[in-house]
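Chemist: Residues or ranges marked as signal peptide by TrEMBL: 1-23. What TrEMBL records for Cys24-Cys95, Cys26-Cys124, Cys36-Cys149, Cys151-Cys198, Cys156-Cys161, Cys169-Cys190 is disulfide bond. Annotation comment: TrEMBL describes Cys24 as Zn(2+) binding site. The feature domain 'NTR' is assigned by TrEMBL to 24-149. Annotated site 'Involved in metalloproteinase-binding' per TrEMBL: Asn37, Lys64, in sequence order.
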Amino acid sequence: MSRSRCVPLLLLVLCGAAEFAEACSCSPEHPQQAYCNADVVIRAKVVGRKEVVTGNDVYGYPIKMIRYDIKQIKMFKGPDGEIDTIFTGPSSALCGVNLESNGKKEYLITGNMDSNGTLRINLCDYIESWESLSMTQKKSLGQRYQMGCDCKVVQCPMIPCSINDPIECLWTDWVLEGTVQGTQAQHYTCIKRSDSSCAWYRGSAPPTKEFMDIEDP
């Protein structure tokens, strides 16, 4: 799935009556950035799926969503209390996420709460099967990623590229490995150090005092 924020693009189609369609446009996000940008980060199984109507749009047409019933295993970030439902668009064209709902597969799910306190997810959120995550990614969820939320992971889309601020870490997986699930995504965290600059740190062990006091990683 795409690792990024979702930007709906509204297209007007005139054919007797006005109809609307949305396309899903995403740019990649490092999993740490996705964690920091999300309201909620949980490990969960999906145990049910149903199409529901959540209201009407300004033209009176029903707003359809997919409601997933979930069994939360662990919350890494989010509100007090357990989350048991999440909502997404009814199709991938509307940024909807298709999840297995037989209760067998575990997911890492990131998403954001709406004004009604409902968790909503889309194709641009970081959503992966739990078993596909590296050990570093699993151990970084929570305190490790949170340590880097004052930092900014900047994707390098093409060479040459560089950072413009000491709080930035340059993410080069795409240009060097041809994937956004490369070495930096799987094994590195962008962490703020004692001089307020940020730098990549590799591995799941806690950062050393030497690294925090400015050691070249």
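Each Cβ is built from the backbone N, Cα and C atoms, and glycine gets one as well.
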Chemist: Given a 10 Å Cβ-Cβ cut-off, pick out the one of the recorded positions Cys24, Asn37, Cys149, Cys156, Cys190 that has the most other Cβ atoms nearby.
Modeler: Cys190
Chemist: Between Cys124 (disulfide bond) and Lys64 (site 'Involved in metalloproteinase-binding'), find the distance joining the two CA atoms and give it rounded to the nearest Å.
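Modeler: That separation, Cα to Cα, works out to 19 Å.
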Chemist: What's the most sparsely packed of the disulfide-bonded residues Cys36, Cys151, Cys161, Cys169, counting other C-beta atoms within 10 A?
Modeler: Cys161
Chemist: Of Cys24, Cys26, Cys149, Cys198, which disulfide-bonded residues come within 10 Å of Asn37 (site 'Involved in metalloproteinase-binding'), going by C-alpha to C-alpha distance?
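Modeler: Cα filter at 10 Å returns Cys149.
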Chemist: Drop a 10 Å sphere on every Cβ of the disulfide-bonded residues Cys26, Cys95, Cys124, Cys198 and tell me which sphere holds the fewest other Cβ atoms.
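Modeler: Selected from the disulfide-bonded residues Cys26, Cys95, Cys124, Cys198 on minimum Cβ neighbours within 10 Å: Cys26.
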Chemist: Tell me the Cα distance separating Cys24 (disulfide bond) from Cys156 (disulfide bond), rounded to the nearest angstrom.
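Modeler: Their Cα atoms are separated by 22 Å.
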Chemist: What is the number of other Cβ atoms found within 10 Å of the Cβ of Lys64 (site 'Involved in metalloproteinase-binding')?
Modeler: 15
Chemist: In Å, rounded, how far does the Cα of Cys149 (disulfide bond) sit from the Cα of Cys95 (disulfide bond)?
Modeler: 26
Chemist: If you run through the domain 'NTR' (24-149) with DSSP, how many residues end up as helix, strand and coil?
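Modeler: Within the domain 'NTR' (24-149) the tally stands at 24 helix, 53 strand, 49 coil.
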Chemist: I'm trying to understand the geometry here, so how far is the Cα atom of Cys26 (disulfide bond) from the Cα atom of Cys151 (disulfide bond), in Å to the nearest whole number?
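Modeler: On Cα coordinates alone, these residues lie 21 Å apart.
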Chemist: I need the nearest neighbour of Cys36 (disulfide bond) among the disulfide-bonded residues Cys24, Cys151, Cys169, using C-alpha distances.
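Modeler: Comparing Cα positions, the closest of these disulfide-bonded residues turns out to be Cys151.
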